[in-house]
Amino acid sequence: MAGENQTSIFEFLLWGLSEWPEQQRVLFLLFLWMYVVTVAGNLLIVLAIGTDTRLHTPMYFFLASLSCADILFTSTTVPKALVNIQTQSRSISYTACLVQLYFFLTFGDMDIFLLATMAYDRYVAICHPLHYKMVMSRRRCTLLVTACWILTSLVAMTHTFLIFRLSFCSKIIPDFFCDLGPLMKVSCSDTQVNELVLLFLGGAVILIPFMLILVSYIHIVSAILRVPSAQGRRKSFSTCGSHLAVVALFFGTVIRAYLCPSSSSSNSIEEDTAAAVMYTVVTPLLNPFIYSLRNKDMKCALARFLRGKVFFLWGQ
């Protein structure tokens, strides 16, 4: 196979976040801040939910799973980008590039599936409250998350294997990490099979969950409109609105990156990089604030967790 001749000797160069040297320090500090906040925020959510038995419900189980996926998703790209900026080196080995691609696709697709699962959970809770405990049992929730992990692993494995079959005539990847589109652009092999699989399999992975989320929220909104209390409607719309804003930002940039072809011009590369930053860095950064800080139970759990840690350290 073409990939076998390149695994030990081939090295890629990542385009990076910017080609302007004077912007590198600012970008390093900005992305380091965003990465630390993302990891700390999502880790706090996982720990708060894990230590508070009152939050051992399906909704918070999915939220903790999403936070774990967000930490892993961001960690596949941002640390390498930060190292490259700091060392002024853009190189990444062929093997490391494929490994990064596999885990990036796995955790990115996991985010998509979990957002759809969370929307379905809210749909059942609001539209069918009497059947909620039966439909969203602990066993079913565990099976749903397990199925998501298996599906995302299989999808990522398929795309990674198809990239492995390609040979490459350019070392410069037009992005700050290894992704499907940029890798196909620098290949000298026929990428028609890769493009078809990306269109149909990738399209299904992105659009089916997106449609499920939209349908779920349409039913949720119609149920909210029947709530007699104006204050209750405002609170529900506020929560749904923030959730849908994150969904729109995430899916809008993902659809732009994977389902809308772009040229290889400098402007197009900058636009693709900006879209990639939105769904790889900005959305995982926003999720803890959107899904948790607007939630009274979550804020109380975080306060109890942090207060407990302060008392523990003070006692030491």
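Each Cβ is built from the backbone N, Cα and C atoms, and glycine gets one as well.
According to TrEMBL, the transmembrane segment annotation covers 26-48, 60-79, 99-120, 141-164, 196-225, 237-259, 274-293. As annotated by TrEMBL, domain 'G-protein coupled receptors family 1 profile' applies to 41-291.
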Can you see whether the transmembrane segment (99-120) and the transmembrane segment (274-293) are touching - at least 3 CB pairs under 8 angstroms, only pairs 6 or more apart in sequence? yes
Contacting positions for the transmembrane segment (196-225) when only residues 6+ beyond its ends and CB under 8 Å are counted: 109, 112-113, 115-116, 119-120, 122-123, 126-127, 155, 158-159, 162, 180-181, 233, 236-237, 240, 243-244, 247, 251, 254-255, 258-259
Would you report the average pLDDT that the model assigns to the domain 'G-protein coupled receptors family 1 profile' (41-291)? 87
